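Structure first, then comments.
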Amino acid sequence: MLFATLEHILTHISFSTISIVITIHLRALLVRELGGLRDSSEKGMIATFFSITGFLVSRWLSSGHFPLSNLYESLIFLSWALYILHTIPKVQNSKNDLSTITTPSTILTQGFATSGLLTEMHQSTILVPALQSQWLMMHVSMMLLSYATLLCGSLLSAAILIIRFRNNFNFFSKKNKNVLKKTFLFSKMEYFYAKRSYFKSASVPSFPNYYKYQLTERLDSWSYRVISLGFTLLTIGILCGAVWANEAWGSYWNWDPKETWAFITWTIFAIYLHSRTNQNWKGTNSALVASIGFLIIWICYFGINLLGIGLHSYGSFTLTPN
């Protein structure tokens, strides 16, 4: 009872905090005079991280196993993974800011986890025999970390497509340039370096607006780096799952719906990484492939759980009428 109460408190603290954080972040982004509020949003993200971490530890102690046995627990872990991604640029002392993607993703993920749809999964239960393995933590954690990473990379690619094809709205007008500078931290040194690179390289596309060009180049670079990391984690997760499947079911691969869609996900992002090596496909075409991958990930992760079919139906849930 104590652990259940603690988990309830920590979950709602983290959700409330992240809701405040995204409000502060958007106001600081749109209103120049409130730029100092970014420090407050970062403190809020830290508080959210410790709340989610506390929940995972409490759940682990109360259930006796790592909390990855159902959709509710996996969504909380996914929120935790998104925060880890949020901190990567700061650890590297990078000027790039992924919070525009990671913060809304965290609040949406945790908002769904704490909604009434998953109430029946809030209580920890004993693992079914097939899940009582040391591979549970390794396989599922790798898969969820890869999902979080690939989702962020796909959203960055989707942003590239939106920027390149959204011509009816002049987002890059003079009054909005300060937003771009604050969000992506342009500097004079970067300007002259990019300008020099622009004239040296014939492969760089020509944009009527320099800020549009610089922004899409930044997003494309970050998308490639994030998706490369996610693809590596996905590969490790699939290999761990194959070994576990052989121990549990006597076969490395059964073409279960979850396995099939995991393979499709892996193939889509393999195509993306391969397309990056071709100059004719690099840019808009590769971003389109990654954007398709965003939908494939949600089908693989959420859609199969919603259907509750196949060998991976342990964490599924059914929508019950009120």
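Every residue gets a Cβ built from N, Cα and C, even glycine.
As written in Swiss-Prot, here are the features:
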TRANSMEM  2-22  transmembrane segment
TRANSMEM  44-64  transmembrane segment
TRANSMEM  68-88  transmembrane segment
TRANSMEM  143-163  transmembrane segment
TRANSMEM  226-246  transmembrane segment
TRANSMEM  260-274  transmembrane segment
TRANSMEM  289-309  transmembrane segment
Stretch of maximal Cβ-Cβ contact with the transmembrane segment (2-22) [cut-off: under 8 Å; candidates 44-64, 68-88, 226-246]: 44-64
Positions on the same chain near the transmembrane segment (226-246), where near means CB under 8 A and six or more residues out: 85, 98, 133, 135, 138-140, 142-143, 145-150, 152-154, 156-157, 252-254, 259, 262-263, 265-266, 269-270, 272-273, 290, 293
Selection from 143-163, 260-274, 289-309, the stretch that has most Cβ pairs under 8 A to the transmembrane segment (68-88): 143-163
